[in-house]
Each structure stands twice: as structure tokens, then as C-alpha cells.
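Q: Structure in C-alpha cells, see below.
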Amino acid sequence: MNRLQLYFRLVRLNKPIGILLLLWPTLWALWLASDGKPDWTLLAIFTLGTILMRSAGCAINDYADRDFDKYVQRTVDRPVTSGKIQPREALLVALALALLSFALIWPLNTLTKQLSIAAVIIAGTYPYFKRFFAIPQAYLGIAFGFGIPMGFAAVQNTVPAAAWWLLVANVFWAVAYDTEYAMVDREDDLKLGMKTSAITFGRHDVAAVMFCYAVTLGLIFIVGWQYGLRTWFAAGMLIATGCAIYHYTLIRARERAGCFAAFRHNNWLGAAIFGGVVLDYLIR
């Protein structure tokens, strides 16, 4: 495997689900902030920025977890923990990607740039929260959802209350899907003394996931309704609700394969909401 392929794996470009889980909330925000008519330049900036920052986050995560990943079945072959990439290289990759991302938003307003600094700090510190915070997935939800206030700031030069409520919804969504993800690694994480929501929720993990989905979908529906979205948005939300119910059938047995499949399927939940938002603005 050549160096380029190793870097490709380091930043998880071979696993785009993480990019999509960041991108959908950002797109919801851009469409709502612009009344369904987003600027194509802004769309390009935020889409590329999402890819770059998620990639930087993966590099930082592998650096921070290099002494733990070797003991987890799913992560044992990651480039840093396996010694194929040096920790210093991972840090340099993360720094380069973060700088590129910041360069992208340099032409935007001051508020957006200020929020981007907060986003970088949150993304960079997330891996360490897993060591002492009982539900680190909540912090992940802030990191994965910071494109929401940034999107509103870029379009409106302000961040309305609705944007913060969407961010709260994204926190609950992240707790839901990343708990499914954590259920895959629960036994390994227990041995390592790591803290995850799957461990914290214990035997109530499935109920907690479904509760988080309910809060997520409820908050998003309320925000969309306040923005005048109706029929097609409601249809998208109905499909998203169906996705959440389907996830219950996948995780209720707590089997690794089912939990991982549920995690990956969240792409379609986010896409359904986005599709409903776009169609509602188009068909009026």
C-alpha cells in the first residue's frame, strides 16, 4: 500500500458516511437560511469544507486514539495505531486540512470566520472527551452540527434561535446514531475503560436511541414548520421517521452487524429530511 492510499485511509475517504452525516445538517441550514435559494458558491464552500474538516477530524482522532485502537477489533488496522503512519504525520495532515478549510471561508463574513474557529476547537478536542465524559456523543453532535450556525451566519450574518434549535436536534441525532456505532465496540470499550453512551445507557441503550430520534425529529419538524414548510417537508419527515423505526428493528437484538447497519442507514434519514426541505421550497 503506497503513502497516498494510507493517507486516504487515515482521513476515511474510503468511508464517506461520516462526511454525509456532517453534510446533511449543513445543507438543511443553508436552504432554510436562504429561503430555499442558496448561493451556489456558498454550497460549494460548505460542501468542500465539510469534507476537509471531517477528514481533519479523523486524522486527529487516530492520533489521539493510537494507543487504544490496537485493542479494538474494528480499529486495529488503522494507519497510525498499526505503525504505517507516524503520529506526527497524522497531526500535520490534520493541520493542513484545517488550514485549507479555513482558507475556503476566508472570503465570508467575520461572524462565520469566528464560528469556524470554535468549530475547529470542538472537532480537535472531541477525541479526548471519550476518556472522561459519560456521553461524548453529545459533544460529537456539536462538532458534527456546527455547520448549522455557520451556514446561517454565512447567509444572514446572524444566527437566529432556529439555528441553535437545529443544532440541539443534531446533538440528539448524533447521540442516536453514534450510540448505535458504540454498541458495536461496547465490549472492547469496557475493557479499555473508555466512556461511551452505549456503556452509560446500559440495558436502556435501545430505548435511549429511540428517545433521541424522537427528540431529533420533533425539533426539526417544529423548526421547519416555523419556516413555513408544509406538505413535502412533512412527507420527508415521515420517511425519516420510518428510517428511525427501521433502525429499531436493526438494533433491538444488540448484534454488531445490525447496530453498524443502523448507523450507516442514518445517511438516508438525513437525506429524507433534506429532500423534504428542498421539494417544499421548489413546489409552491
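Cβ coordinates come from backbone N, Cα and C, glycine included.
Since we're looking at a predicted model, the values are computed, not measured.
Just lifted these from Swiss-Prot, have a look:
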- 16-36: transmembrane segment (TRANSMEM)
- 40-60: transmembrane segment (TRANSMEM)
- 91-111: transmembrane segment (TRANSMEM)
- 132-152: transmembrane segment (TRANSMEM)
- 157-177: transmembrane segment (TRANSMEM)
- 206-226: transmembrane segment (TRANSMEM)
- 231-251: transmembrane segment (TRANSMEM)
- 259-279: transmembrane segment (TRANSMEM)
Q: I'm a bit unsure how to read this: which one of 16-36, 40-60, 206-226, 259-279 has the highest number of Cβ pairs shorter than 8 Å with the transmembrane segment (157-177)?
A: 206-226
Q: Of the stretches 132-152, 206-226, 259-279, which racks up the most C-beta pairs under 8 Å with the transmembrane segment (16-36)?
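A: The stretch I would name here is 259-279.
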Q: For the transmembrane segment (40-60), could you work out the same-chain residues 6 or more beyond its ends whose Cβ comes under 8 Å from its Cβ atoms?
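A: Apart from its flanks, the transmembrane segment (40-60) reaches 10-13, 18-19, 22-23, 26-27, 30, 90-91, 93-95, 97-98, 100-101, 104-105, 108, 119-120, 123-124, 126-127, 143, 147, 150-151, 154-155.
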